[in-house]
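Features reported for this protein in TrEMBL:
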- 76-89, 279-291: NAD(+) binding site (BINDING)
- ASP221, ASP245, ASP249: Mg(2+) binding site (BINDING)
- 4-350: domain 'Isopropylmalate dehydrogenase-like' (DOMAIN)
- TYR141: site 'Important for catalysis' (SITE)
- LYS189: site 'Important for catalysis' (SITE)
Amino acid sequence: MNKRIVLLPGDGIGKEVVESAKDVLSAIAEEFNHTFSFESHDIGGAAIDLHGTPLPQSTVDACMQADAVLLGAVGGPKWDQNPSHLRPERGLLGIRKALDLYANLRPIKGFKNLLHASPLKEEVITGSDLLIVRELTGGLYFGTPSERRDGGQTVVDTLAYSRREIERIVDKAFQAAEQRRGHLTSVDKANVLESSKLWREIVEEKKAQYPNVVVEHALVDSTAMKLITNPTEFDVIVTENMFGDILSDEASVLTGSLGMLPSASLREDGVGLYEPVHGSAPDIAGKGVANPIAAILSAALLLRYSFGLEDEAKLIEEAVQSVLDAGYHTADLQVSEGRLVGTWEMAKLIVDFIQSQNASKCIMSCYV
Ligand code: NAD
């Protein structure tokens, strides 16, 4: 398989973790005979410094031509006082919009030897493995009007959705549930909001097309509670933009570390932008101590969702689990035993596992 991947390292630890994820993707390409070509472009603060804008046209053009985009993180104190059009986050919002990335997928899975680092009780979170599918380009964050009136004393925001916008995200969630454990929780506020009533109707209409998926409707308030009291109840959650924003951040505490959480933002044709959930961590940038696993797991999602390479994606996930099981950890993981490693060593351990596993499979198949 021949694919073009655009790398957008961005700022702070973004550069370090994207480089690590690139090493892992290169190892996968070598082991499975794919050709991945990589091209790096600027975004965020780095782009402001070099091009005077957080999202240069050359970056947008390169992403438009790519089969997938892997992003690090943007932002840092250097640009905190900039006017809003020159803030690094503008680059991130701009590229999501330019690529029409309407579906945000965040898998949240606890790694067993890290569960103690979660503020939640281990017995509550053990076995939790869920996927939040969030609508990313509609709803309250994009509806108009959104303004102050009456000299600023009255405000209005608009929660608008078209049938088509709801249908495509609901389809994406059903498809994801089909590939997982076949359970979909559709989250809304249908007891109050018109938008949620249409959302529920569409989920009900769609379920006939996905007979292998069991659907449940839930209100956002009770879901917020269940996520931290009974997270193992969930498989796939689908919800609109703002509810998804809040629930996905809440669910991130299940894993115990920001450095472990990947995400995918997808367009209808499968092109996607993949990024760790964490930010640019200016406090540790350039020290070689950042945890690269969220970026590496984002690379696994890239292979799964944009390239349809499930075996390759699984091998990366297996490699991460195996390296953690062997006791290797970065400083953020709050593990007292085993061996503390830096960014590059963690990436190398994961690459080594990929190479060794694939080599042993080849040896086995050669003898069969
Ligand atoms: P952050 O995620 O960068 O850092 C929060 C804490 O977690 C820090 O102590 C950091 O050292 C630690 N941390 C984060 N990722 C880590 C990793 N991979 N390995 C080890 N430790 C890690 O959040 P913040 O401090 O609130 O934000 C810093 C900057 O990042 C800000 O400019 C913010 O706007 C930006 N930000 C960007 C994104 C993005 O690009 N998607 C997301 C969140 C924040």
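Placement of Cβ uses the backbone N, Cα and C atoms for every residue, glycine included.
Annotations in TrEMBL come from automatic prediction, not curation.
Compute the center of the Cβ atoms of ASP221, ASP245, ASP249, which mark the site for Mg(2+); besides them, the chain residues with Cβ within 8 Å of that center are VAL220, ALA224, MET242, PHE243, GLY244, ILE246, LEU247, SER248, GLU250. The 6 Å Cβ screen around ligand 1 retains GLY76, ALA281 from the binding-site residues GLY76, ASP80, ASP249, ALA281, ordered by sequence position. In the three-state DSSP scheme, TYR141 (site 'Important for catalysis') is classed as helix. Looking only at the binding-site residues GLY76, PRO88, ALA281, VAL289, the one with its C-alpha closest to ASP249 (Mg(2+) binding site) is ALA281. It is 10 Å from the Cα atom of TYR141 (site 'Important for catalysis') to that of ASP245 (Mg(2+) binding site). Residues within less than 8 Å, Cβ to Cβ, of ASP245 (Mg(2+) binding site) and separated from it by at least 6 positions along the same chain comprise ARG134, TYR141. Of all the binding-site residues in the record (GLY76, ASP80, SER84, ALA285, VAL289), the one with the smallest CA separation from LYS189 (site 'Important for catalysis') is SER84. There are 17 other Cβ atoms within 10 Å of the Cβ belonging to LYS189 (site 'Important for catalysis'). A sphere of 10 angstroms centred on the C-beta of PRO88 (NAD(+) binding site) encloses 27 other C-beta atoms.
Its Cβ taken as reference, GLY76 (NAD(+) binding site) is surrounded by 20 other Cβ atoms within 10 Å in the chains shown.
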